[in-house]
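Data block below; observations after.
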Amino acid sequence: MTVSKKVEENIFASKLGPEYVGFDHITWYVGNAKQAASYYVTRMGFKQIAYRGPETGSRSVVSHVISNGQAIFVLTSPIRSMAGTGAYDDDPDVTKADRRLLEEIHNHLIKHGDGVKDVAFRIEGDIEAVWKRAVDHGAAPVAAPTTLKDDRHGSITLATIGTYEDTVHSLINRHDYSGPFLPGYEVVTDDDPINRLLPSIDFIEIDHCVGNQPWNGVDPIVKYYEDCLNFHRYWTVDDLNMCGEYSAMRSIVVASPNEVIKMPMNEPAQGKKKSQIEEFVNYYNGAGVQHIAFRTHDIVTAVTRLRERGVSFLEVPSAYYSDLRQRLSHTGLTLEEDIAVLEKLHILVDFDEKGYLLQIFSKHVLDRPTVFIEVIQRNNFDGFGAGNFKSLFEAFEREQARRGNL
C-alpha cells in the first residue's frame, strides 16, 4: 500500500457565462435496452420515466428512459438488424432517417460494445448561438438546432455536436417543456415492483462525466472544449501524483463557464505496465466515457443500500484508513461520518482545510472493462479526490491483474 501524501492540484477561476444548467441526460447505445435499463433499476434504484418503441411509432429503435433524482439515463437499442446491402430499401416502415440511425447504432456496437453515445447538456439560453459558436470553432455539426413540440407538454429546442471519437453532446433547452423527457416518448408512471422490495437509493444528480483519451489525447480535446464550448480548465494534477506501483495517467478537468458542468479528461502516462486508461482504450477501441459520478447527500446510506442491491465496488486495504486517521489527526478537520464505517464500506476520503469529499467506485458495469460508476458526496470540497489517486490506482491494478491486463 502506498501512503498518500498531500497532492498538489490546481483549481482555476471560473468565467462568466450562465447559460449552462447542468447535465441533461446520458444516452447509451446497448445491445438490449430493456435488460440494460433493468440493471440500473434493480441495482441502483432508478425508475423508468419514458419509453420510445414500436408502440409509440418508432419502428426500428427502442429507448428506455430511467432516472434517479436529476440523473437520467437513456438506454437505446436497434430492434432491426443491418444484414445485407441496401437493407430495408423497400420497407415502408423504415425511413431514411431510421436507416441512418440503425447504421450508426450498429456500427457503434460493433466498434465499442455497449457504451455512452451522448452526454447531453441542459442550456437555459440560446441553443442556436451555442451550437453556431461550437461549429464555427471546429465542432462537427451532428444535428442543427430544431424545435420539437407535443400538444400536452409544450416545446423543446435541441441540437447536437460531435466531441471525442464517436461521442456527442446534445444541447437542450427545456424552458418551455413540462414533459419528463422529449416529445415522441411515452410517459411511464408505473414503477418496477422490485423497487418496493429493495431499499431506495437517493442520487441528486450527475456530478461529473469522465472521458478517457488515447496517448497524448488530452490537450487536443481540452482545446476543443475551450474553443468550441467556452469551457475552461478547472482542475489539473500531474502524472507523478496519479499513479500506482505500475501505471500512471494524466488528467485535466474542463468546466462550463459557470462551472455547473465538469468533464474530467484522462490519458495514459508512462509507467512500468499498462494503465487502466490504456486498458479502456484497447477494449473500447478508442476514446469514450469511462465513468459517470452520481452525487448524493448521504454516501454511507447510499453505498450500504447499493451493496444490499448487489452492486460490487473496488476494495481498499485497511492501511489506507490507518493513514487517513493519522493525517486527520494533524488537522482541525472532523468528519461527520465514522471512519470505521467508511472503512467497512471501502469509501475513500479526500480533504483540505475547508472541507472533504467522500467517494467510491464500482467495478465495471459491463463485461468489457470499460465503464463504471462513481458515487460521491461533497462537503464544501470542489476537487476530484487527488489524494486518493494512488490508492485508487492500486485498486484498479489489482483488478487489471486478475483480468491478465496489467
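Note: Cβ is positioned from N, Cα and C throughout, glycine not excepted.
Among the candidates Glu124, Glu128, Glu374, the one that Swiss-Prot lists alongside His208, His291 as binding Fe cation is Glu374. Using the Cβ center of His208, His291, Glu374 for Fe cation, the list of other same-chain residues with Cβ within 8 Å runs, in sequence order, Asp207, Cys209, Val210, Pro264, Gln290, Ile292, Ala293, Phe294, Phe361, Ile373, Ile376. Glu374 (Fe cation binding site) has a Cβ environment of 21 other Cβ atoms inside 10 Å.
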